[in-house]
Amino acid sequence: MSTIRKPSPPDMYDCIVVGAGHAGCEAAMALARMGHATLLLTGNADRIGHLSCNPAIGGLAKGHMVKEIDALGGMMGLWADEAGIQFRTLNSSKGPAVRATRAQIDRDAYLRVVRRDIFAQPNLRVWQDMAESIIVEGGRAAGVRTAYGQEFRAHHVLLTTGTFLQGRIHVGLNNFPGGRLGDAPATGLSASLRAIGLELGRLKTGTTPRLLRDSIDFSLMEVQPPDDPPRPFSFRGPGVRLPQLPCHVTWTNERTHEAIRAGFDRSPMFTGVIKGTGARYCPSIEDKVARFPEKERHQVFVEPEGLESPECYPNGIPTSLPLEVQKAMIATIPGLENAQIVRPGYAIEYDYADPVQLRSTLETKALRGLWLAGQINGTSGYEEAAAQGLWAALNVSCTLRSMPPFLPGRDTAYMAVLVDDLVTKGTREPYRMFTSRAEHRLLLRENNADARLTETGRALGLVDDTHWQRFSTKRAALHSLLDELENRRITPDAAARDIFSRLGEPAPTKGVSLADILRRPSLTLPDLAPFWEGVTRFADDVREEAETIVKYSGYLARQQELVARSARMEDTVLPEDMDYTVIPGLTREIVEKLGKVRPHTLGQAARISGVTPAALTCLEIQLRKMGQR
């Protein structure tokens, strides 16, 4: 990886990253590590990498993306491992496709490790200021103007502004400007984006009140212990470092719901004060009570904010109700009867750009050199933001180096499903990733993210020598173990029959491979040790992946067949300037949709709502005609 000098403000940057949340930090680190002169612009340098909402990273589909970021050489997994205080594997009793890692994070520790690495990174400069407008020259983005009157020039500008664009905070019927509680919003940038030609909408998200830990009676709650041993996110890091803490579980009740309903007339959501659309899959507690009146209780996870933090986060009750209603509501929940609120829950409205206005690289269609990543694209969640930040950074780098873009398929990464959904379908509400959004999710397991993406990260210059060596060693061990399992055969002699008897399994009538034995539903890889003690020599992660590949070989083969069947459409590129109005057989509605989305491939065109098989045939015929010309 090349190293260049740290530039001064008047110099030309390769890329300016505006916003230092999860998308911005991931993007800035990746660009700088790949040798590009990068400026990270933030309104508050003390809160770089701040966890604005819940103190947790990972979860269903989200943990998968953290692993993918790590496999490509990104940072979130390493940072989470260093600051994690409770690691749990979700869906551990279910199939490998939906098992996911989630970690409670020490909020202050995470901030420290992110800031440490950002400020120590060569090629990366931090500047505290607010971007006010995009500089446009020669039909492309050329830099930003700031509130301090500075002009910073760059070949590319990447906006990762989170909830800060015209952000407005609501607590009851009181509201005021803010990017999050305690930080000013970005007030000028939205007008600049509209002038460029981007259409902006309005979204809403919310967070819970924070509670004083010493005022909580944990004895009235169910204890949720961490996994022992903890399973880290990073394939390449030193593992989990901090002591592990429990979380606690309690529930709302009818008294809670009565207190909430009593505040409906002062709710900014129910009185129409909030205009932005909220997250369908992370509703406020007042929304849950209103929409599900038949539910007698809702779960609340009381999560530690850190090893030394005096605060706890009651996950499950985000709210924008007035403070007095929040107090009354909290006081009805078992264990929280005497809990003191340190910070109120609140909702925040902010501007976003419908991502259908982006290319698959996350560059805007309206202006070359301008890129968007994170919540500005209508997503919710730290992991979705970080994945987009890395995606955009890799594509900025590819553009700077005149390389083909980084565009993995939906069968290769959850982050590819995320981006494809965004740029193909757009979104009118905060988008959250789920495993159900991926049609090839058995291929997209947490434990094979490195196998799927590390080679790509190496080719792009983000995977360093140490990471590559560790991956290569693991890959060689996996191939060796799989080879042994397929080729080492067991003859059903007396000794073998005795082993099968002790395992409670019928002995085979003829010679079988170890892989054949492992495919039995009740057996796991350690059960094979009496047949071949060499199985114990392999690391746990190698054995886990080998067991998955063997046990699910039939399902995996069928998924690969489906991928191969659709490969032709995914590999058929549509010209960006294709004139859909002249193609015979396309309806006006389909012409409008194709013209708006400008799909990169025939496969992407097929995923646009309303584009029919007949329309795809028309596109194929037109491509053949163009090829003949």
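Cβ atoms here come from the backbone N, Cα and C positions, even for glycine.
Annotated in Swiss-Prot:
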{"type": "BINDING", "residues": "Gly19, Ala20, Gly21, His22, Ala23, Gly24", "note": "FAD binding site"}
{"type": "BINDING", "residues": "278-292", "note": "NAD(+) binding site"}
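Structural mapping of features recorded in Swiss-Prot.
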{"residue": "Gly19", "record": "FAD binding site", "Cβ within 10 Å": "32"}
{"residue": "Ala20", "record": "FAD binding site", "Cβ within 10 Å": "27"}
{"residue": "Gly21", "record": "FAD binding site", "Cβ within 10 Å": "28"}
{"residue": "His22", "record": "FAD binding site", "Cβ within 10 Å": "32"}
{"residue": "Ala23", "record": "FAD binding site", "Cβ within 10 Å": "34"}
{"residue": "Gly24", "record": "FAD binding site", "Cβ within 10 Å": "29"}
{"residue": "Arg280", "record": "NAD(+) binding site", "Cβ within 10 Å": "12"}
{"residue": "Ser284", "record": "NAD(+) binding site", "Cβ within 10 Å": "25"}
{"residue": "Lys288", "record": "NAD(+) binding site", "Cβ within 10 Å": "18"}
{"residue": "Ala290", "record": "NAD(+) binding site", "Cβ within 10 Å": "17"}
List, in sequence order, the residues of the same chain other than Gly19, Ala20, Gly21, His22, Ala23, Gly24 whose Cβ lies within 8 Å of the centroid of the Cβ atoms of the recorded FAD site.
Val17, Cys25, Glu26, Ala27, Gly49, Thr160, Thr161, Gly162, Gly374, Ala385, Gly389
Within 10 Å of each Cβ, count the other Cβ atoms, then let me know which of the binding-site residues Gly278, Phe292 comes out lowest.
Phe292
Select the closest residue to Ala20 (FAD binding site) from the following binding-site residues, measuring between CA atoms: Arg280, Cys282, Ser284, Ala290.
Cys282
Can you tell me how far the Cα of Gly278 (NAD(+) binding site) sits from the Cα of Gly21 (FAD binding site), in Å?
20
Go through Cys282, Glu286, the listed binding-site residues, and name the one with the sparsest Cβ surroundings, counting other Cβ atoms within 10 Å.
Cys282
Taking Cα atoms as reference points, which of the binding-site residues Arg280, Glu286, Ala290, Phe292 is nearest to Gly19 (FAD binding site)?
Arg280
To the nearest whole angstrom, what is the C-alpha distance linking Ala290 (NAD(+) binding site) and Ala23 (FAD binding site)?
33
